[in-house]
Structure formats: C-alpha cells, structure tokens
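Structure incoming, see below.
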Amino acid sequence: MSDLRRIVIKVGSSSLNHPEGGLDDQAIQRIAGVIAGIRQLGVECVLVSSGAVAAGVGKLGLKTKPKDMAGKQAVAAVGQGVLIEKYALALEARGLVCAQVLLSRLDLAEASRYRNAQNTLEQLLRYQVIPIINENDTVAVEELCFGDNDRLSALVAGLVHGDLLVILTDVDGLYSANPKLNPQAELIEEVEDLTQVMHIAGGAGSSMGTGGMVTKLKAAEITTRFGMGMFLLHSKRMEEIIELIQGERPLGTYFFPAAHRIMGKKRWIAYGGLSEGSIFIDEGAVKALLKGKSLLASGITGIDGVWERKELVRINNPDGIEVARGLVELSSEELEKVRGKHSEEMLATIPNLEGEEVVHRDNMTLMIE
C-alpha cells in the first residue's frame, strides 16, 4: 500500500466518547496526530467523523442521547460546533487547516448535487485542507438518512476517488463470531469474497453509535466494488494507520478490492442515487443482463412504483432479488403499456423513443456478479 495517494478514515462515536460523557479530547488529539503523520508521507486525507450527538450530550449535560428525531437533531446541532472546533484546534497546532462538510442523503442522491459535492471536496484537497465530513443530522429526514457513517464513509471514498478506506472501530476487526459473546471467536485477517462472511456479522452497535459489523460489511461491499481496499482497525491502535500506508499489515481485517470494479456514473447509479421503483424481469432477461446486455421490454414481467423517464429504478429477478439498477428510458405509465412486448411493438406503441432499450447497459450497474 506504499503507493497510496488518498486515504479516507472513518471514526465512530464509540471511539470519540469519554467514559464520563462528552468527547474524549485525547482521542481528538490522537486523530489529529495520525492525520499529520499521513500528510507528512505525502498522502491526502479525508476524515469522516461521527461524534456530534455525543458532543452535544456532553455539552448539555445529558446522561443519554435522545431517542426521538427532534431531540437527536437538536443535540447534534449543539455538538457539531463543539466537534469541529476541537478538530480545528488540534489540527492547527500541527500546521493543518480543516473544513467542515455536512452532507445529507439528498446531496449524494441527486446527480447534480453529487457532482457539486465532489467538486468542492476536490478543491479542498487541492488547497491541502483536511475535509471533515459528517451527516447533516440537524436537517436530515429519518427516511432519507445514511443510517450510519460507515455507509457514508464508503460513499465518500468513492466520491473523492480514494485509494483506501480505514474504519476505526472498538474491536480488532471482523471475527468468525461476536468476540464479546464468544471467547473462541477468531480474527479474520483478510477477506477476498464478501459473500463468505456476510452471515457472521453481529448487528449490535454501542450505546452512542448506530453501526455494528453489518454496516461495516455493507461499507466493505461498496468500497471494494469501487475498486478500493478497506481496513478495519481498532481505534486504540489508530497510529498503526501510518504503518499500513508504509506497506505493513497491522492487526485488523483487510478487504481486497473486487475483481470487477464499477467506475464513474455507475458508482452513483449503484449506491448514490435513490430509486423510484422496481422493474421485475424473467430469468432470460437476468441472464442477458449478466452478460452485459441492455434491458428490453420483452423480458419485463411487472413493475412497482411511479417514475418519469431517466429516473433511477431497481431491476429485480423473479424472486424479488435486486440484480441491477439503472436509469430507465420510459415512465412507469409507458412501461406498463409495453412490458413483455417485443421491441418493434414497443416502438410502435410509443413512437418518440430514442431506441429499443428500456434500460441501456451504459446506464445500468449490476448489483450481483
């Protein structure tokens, strides 16, 4: 990994919490020290940091974080200022400048906003600024949240074309079973095939965090399909990120990049955009898609949802499992009229189409291999 150009680090609230409440200032200082060390190696760094809610809980003297949405958002609004101020002071002491970037789900769901976020982050990195990214908890709608910063960090890694994502956590990596419940659990140091380990992840997070191992494996799916490696590292050994960059392999779990990676617009189609509905297809159409073909009307058996032309839809097999997603050339109303029909009949029914494809392969990303 000695040829890394850009690294994304995600630190969760469990790594930032002080045992007595609020933020652990020492943890902030350690993170700043790691970032400074990374920059001294000539590697650019983006930080995705939780902690706003925990910081707000400490600032307001609360014993636990609120459970309702309004309470969480109010506490996050208080805490985000505390969090970024601590980071700014710690980095400034090391000669570095940081920038706060708060992203909502819609910032990555809409293609134009996705590009704007991408351009802003690229400019910050050209200025040699450390972007510190968090979800914009204060205005997020529950149905349109990232859910956790593990997923956000993976999307950010794709957004900035990173080379490696490091997720700091409160365990040494991925285990064969939950190490907190099973003392015989063994650390899995390398993962080449995610499908072989998805079943072993425990879903529980900490009291202040929202992400368990399931969310980290989802982040690994996104990151590795983007063509990047991902490393799970215990936050108590965060300084070993420097060793990782220098080509050594510290204790933890490394997820290898997928053999078939997705690039450019197809990254946004797969994981950035929000789908408006579903198209159901027969087995023949599934086989065609897996061979790199476009989706034609003849293979479509049903639809669910309402959408207009050029919007994003899921494409499901007969069992309802998503096999692809893409930008559809027909509205849901138009597609209902022509589903199951051959191309000639479709074009005769809806004459103002540019081609016979319902979803062109250039505007489609496979979600299974």
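Glycine is no exception: its Cβ is also placed from the backbone N, Cα and C atoms.
Found this in Swiss-Prot, in case it helps:
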| type | residues | note |
| --- | --- | --- |
| BINDING | Lys10, Thr169, Asp170, Thr210, Gly211, Gly212, Met213, Val214, Thr215, Lys216 | ATP binding site |
| BINDING | Ser50, Asp137, Asn149 | substrate binding site |
| DOMAIN | 276-349 | domain 'PUA' |
Looking at the binding-site residues Ser50, Asn149, Thr215, which one has the fewest other Cβ atoms within 10 Å of its own Cβ?
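Relative to the other binding-site residues in Ser50, Asn149, Thr215, Thr215 has the fewest Cβ atoms within 10 Å.
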What mean pLDDT score does the domain 'PUA' (276-349) have in the model?
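Mean pLDDT across the domain 'PUA' (276-349) comes out at 96.
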I'd like the Cβ neighbour count for Asp170 (ATP binding site), meaning other Cβ atoms within 10 Å of its Cβ, all protein chains included.
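Excluding its own Cβ, the number within 10 Å is 15.
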I'd like to know which of the binding-site residues Lys10, Met213 has the most other Cβ atoms within 10 Å of its Cβ.
Lys10
Roughly how many Å separate the Cα of Ser50 (substrate binding site) from that of Lys10 (ATP binding site), to the nearest whole number?
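The separation of the Cα atoms works out to 8 Å.
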Can you tell me the CA-to-CA distance separating Thr215 (ATP binding site) and Asn149 (substrate binding site), as a whole number of Å?
9
Just checking the binding-site residues Lys10, Asp170, Met213: which sit within 10 A of Asn149 (substrate binding site), CA to CA?
Lys10
Which of the three DSSP-derived classes (helix, strand, coil) applies to Thr215 (ATP binding site)?
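Looking at the DSSP assignment, Thr215 (ATP binding site) belongs to a helix.
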Please report the DSSP secondary structure of Asn149 (substrate binding site), reduced to three states.
helix
